[in-house]
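*Asks:* Below: one structure in C-alpha cells.
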C-alpha cells in the first residue's frame, strides 16, 4: 500500500466558508460590456492565506470574497504593495493555480523565489485566485459543501463563472485591464476562455501560461496515462470484502454515480485505486512526483512540510472526469464535458457531441507568454508545440516562448531558480504590454 505522504505528493501535482462583512456591495463587473453580476466583500477571518503566508513575510495583504453568477463564493488575496511599502505602479496581475492546490502554491518559497511576492516587489498589484471547492472558496449563496449539488461542476464552470467573476472583480476594483498568470489547469481554463472570444477578452492586457495543458495526448507520464485509461474517477470503484481481505473492482460503477462528488473521496476509496494504477505493468510509483510530473530539477525539498500544510485541496469528481475524458487526455482534443450519451449531450448543448474549444480561435493580437520544460511529463513539449502551431498566426511579437530543458511541471511554481529562468523574462514581457 502506498504511504500517505506519497499519495499527497501525487494529489498535489496531479496536473493541480469564511465569514464576510455584513453588507455586500452588488455591482456589474463591467456594466457596458458584461452581462454578469457578482458580489464582493472583504473578509476579516483569522484563518486566511493573508495571515498565514503573506503578512508573516512582511507584506500587506487583503482578503476578498467574490460571488460568481452561479452562487459560488470565491476567496481572493490581494498584495497591493511590495515589501518597500510603495504603492503598486504597474497593472494588476491575477494568478490562477492548478488542480488540487490553491493560491498558497504561489507563496510557499521565500519572497525572492515565490512569484506572488516577486510580482509585488516589482510594482504589480497582485491578486491570488482560489478555485471553488478549495479550503478558502467553500462558500455558496444557497448550498453547503456537504451537499452533492455543490460539487456539480467541471472546469467548464471555471471558465464560464469563476474566471469571469474574478477578472471582472479585479478590473472593477482597480479600474485597469490586467495581466494573467496560470499554471497547468490555470492555463487550460484561460485558453478555453480566450478561444470563446467573449467580451472578457477585452479585460486582459496579456497572459502568461506556465506548463500549458491545452493538448495532452502526447504526455509521457505512464502513471497519468494509466489513470486516464482506467477512468480513475469516472469508472473505477472498489469494494473491500473484509471477510476475504481482498478488493473487487466494478468496471461500470462510478465514483460519481455512487455519490462521491468530491475528489479525493477519502483514503479508503483512493488508496486501492492508486494501488491498482501503480501495479499496472510499466508504472513505477516509487517516486510519484517524478512518475507523474517528470524529474523536477529545482524544488527545495525542505519546503515539503510547508507544502503539506496547505495541499492537497479538493475538487469536484466531475472535474476529474472531465480531465480524464477521451477528448482531453486520450486524444488531445479540448471539449466541454461529455455527458456520456447523445441524448444528454443534446439536452445540454443541442448537439450529440460536446462543443470543442478551438485554440485557433484565440485572438492573434492577444499577447501570450508560454513557459514550458523539456522534462515536463504532463505539459509535454510536443503537446506545447501543438498549441504553438495553433497559435502560429499570432501577430509578430505577441507570442513569446521560454523553454527550459531541465524544467518539469512543478518547477514553474516551486523551483528555487524560477525567478531567473521564467519570472524575469515574464515580468519583462508584462512591462512591454503594460501601457
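Quick reminder: no glycine exception, Cβ is built from N, Cα and C everywhere.
Automated prediction, rather than curation, is the source of TrEMBL annotations.
Pulled from TrEMBL, these are the listed features:
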type     : residues : note
ACT_SITE : 184      : active site, nucleophile
ACT_SITE : 376      : active site, charge relay system
ACT_SITE : 409      : active site, charge relay system
DOMAIN   : 52-109   : domain 'Partial AB-hydrolase lipase'
SIGNAL   : 1-22     : signal peptide
*Asks:* Under a criterion of Cβ-Cβ distance under 8 Å and sequence separation of at least 6, what residues of the same chain contact residue 376 (active site, charge relay system)?
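*Replies:* Residue 376 (active site, charge relay system) has long-range Cβ partners 211, 293, 294, 407, 408, 409.
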*Asks:* Let me check the 10 A CB neighbour count of residue 409 (active site, charge relay system). How many other CB atoms are there?
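*Replies:* Result for residue 409 (active site, charge relay system): 30 other Cβ atoms within 10 Å.
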*Asks:* Could you tally the C-beta atoms, other than its own, that fall within 10 angstroms of the C-beta of residue 184 (active site, nucleophile)?
*Replies:* 30
